[in-house]
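Chemist: I have a structure I would like to understand better, so I am pasting it below and will then ask my questions one at a time.
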Amino acid sequence: MSYLDSVIERVKERHGSEPEFVQTVEEVLGSLKPVIDQHPEYEKVDLLGRMVEPDRMFSFRVVWQDDEGQYHTNIGYRVQFNGALGPYKGGIRFHPTVNQSVVKFLGFEQCFKNSMTGLPIGGGKGGSDFDPRGKSDDEIMRFCQSFISALYRYIGPDTDVPAGDMGVGAREVGFMYGQYRRLRGKFENGVFTGKGFSYGGSRVRPEATGYGAVYYLLNVLDHFGEDIKDKKIAISGFGNVAWGLCKKVQQLGGKVVTLAGPDGYIYDPDGISTEEKVEYMLEMRASGRDKVQDYADKFGVEFFPGEKPWINAEYDIAMPAAYQNEITIEEAKAMVEKGLEYYIEVANMPTTNEALNYLMENVKVVAPSKAVNAGGVAGSALEMSQNSLRLSWQAEEVDKQLKQIIDNIYQMSVDAAEEYGLGYNLVAGANIAGFVRLADAMMAQGVI
Ligand code: GLU
């Protein structure tokens, strides 16, 4: 058995109870074969075996009191996956589906994503199975304070820098940073990114993930000589990432025709193409109702309860932007049947491996989330730079750097796949490009 396969087998044996983590390892390592074949020196120092095990991971109890005085206990997690490229960096997710496997898969992906940005950030991730839906501001604050009381000793501007993810936005980051500052007794605002602008947040960070996804898409369309204005884009989700994406597409004169939530999806044939519609997405999110139907009621478009857009809606570009494993083989087959050409992942691992392989064989372009959504963490790294310089850049400056980083990630992925004889393969190209920088740093730093 090859070295690569033996590492995958070992992960399956050891971590069989962590299906999402195993899935990611199989997907990422699976595409590294041509690289590993050319580098027999990796086996001697067990480079891959070390890469798939986190530097450390821990969980902790988070107790909080609701508005009625009742106490609740949740679990918090942080994985510090790989620190070879910089302080651990990655978001915190509050969602009932969070568990050790989910945090580990996100952390593993993060290492490759952060590597591709070319910036000095290692890979980390965290979260809790806490469900923020329907909670009051006070409840959210008490939860965030308790979460940070357990975590504050292990994070810091040069150690580990968390940020937002699903269920964690500027409000939660504010509560967490406030508690960190109180316990630490220092104004170390570089410990978090995604902060409010008044205390060190960056211009364009709120939009960065969505903008980055559109910049990536523009590169792909450009490669095929196509124009975003002629395309209908279907997305799922309607949170922060979806909002940034719609905002940029609207500025460019394109059309996002769907949004989806836990209650169903909406179809807007004119596209989410006015500022009013884009801004309304923020209101929908802030209401805490978690209902995408509100958009249909407000703008008089059709709502499809309990459905996702993928099978029945009409669109040219699919951009799943909700959560992991949303696209199974069933949706993938429906997409191929309707002649879909562009499948652009936005959420982390939105596609099962079976569906991903099927799509890669049957549609013109598949783009992987770790490259497409890297604008978020890249925006965070730019926030870290501004914090350490103790200044803040104008929106145009941040946006320009963000676009450069994404254009670079796209080009690196294309080049890496070409170099290893894989043609125009953005999925393998991203894995290889992310791997190569990380592997170089790990090789240089000795066996640790
Ligand atoms: N949660 C986002 C991601 O998955 C952002 C992480 C960050 O900004 O550190 O990349």
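Positions of Cβ are set from backbone N, Cα and C atoms, glycine also.
For Lys125, the entry in TrEMBL reads active site, proton donor. Residues or ranges marked as substrate binding site in TrEMBL: Lys89, Gln110, Lys113, Gly164, Ser380. The feature NAD(+) binding site is assigned by TrEMBL to Thr209, Asn240. Per TrEMBL, site 'Important for catalysis' is recorded for Asp165.
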Chemist: Measuring Cβ to any atom of ligand 1 with a strict under-6 Å cutoff, which of the recorded positions Lys89, Lys125, Asp165, Asn240 qualify?
Modeler: Lys89, Asp165
Chemist: Go through the recorded positions Lys125, Asp165, Thr209, Asn240 and tell me which ones have a CA within 10 A of the CA of Gln110 (substrate binding site).
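Modeler: Close recorded positions: Lys125.
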Chemist: Are there residues of the same chain, six or more positions away from Lys125 (active site, proton donor), whose CB falls under 8 angstroms from its CB, and which are they?
Modeler: Arg78, Val79, Phe81, Gly90, Gly91, Ile92, Arg93, Val103, Lys104, Leu106, Gly107, Gln110, Asp165
Chemist: Calculate the distance in Å between the alpha carbons (Cα) of Lys89 (substrate binding site) and Asn240 (NAD(+) binding site), and round it to a whole number.
Modeler: 19
Chemist: Going by DSSP, give the three-state secondary structure for Gly164 (substrate binding site).
Modeler: coil
Chemist: Could you tell me the maximum Cα-Cα distance in Å between the residues recorded as binding substrate, namely Lys89, Gln110, Lys113, Gly164, Ser380, rounded to a whole number?
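Modeler: This binding site's residues have a maximal Cα-Cα distance of 16 Å.
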Chemist: By a 10 A CB contact count over all chains shown, which of the binding-site residues listed here is most packed: Gln110, Thr209, Asn240?
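Modeler: Selected residue: Thr209.
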Chemist: What three-state class does DSSP give Gln110 (substrate binding site)?
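Modeler: DSSP assigns Gln110 (substrate binding site) to helix.
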Chemist: Between Asn240 (NAD(+) binding site) and Lys113 (substrate binding site), find the distance joining the two CA atoms and give it rounded to the nearest Å.
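Modeler: One finds 19 Å between the Cα atoms of these residues.
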Chemist: Between the Cα atoms of Ser380 (substrate binding site) and Thr209 (NAD(+) binding site), find the distance and write it as a whole number of Å.
Modeler: 10
Chemist: Which three-state DSSP class does Asn240 (NAD(+) binding site) fall into?
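Modeler: The three-state answer is helix.
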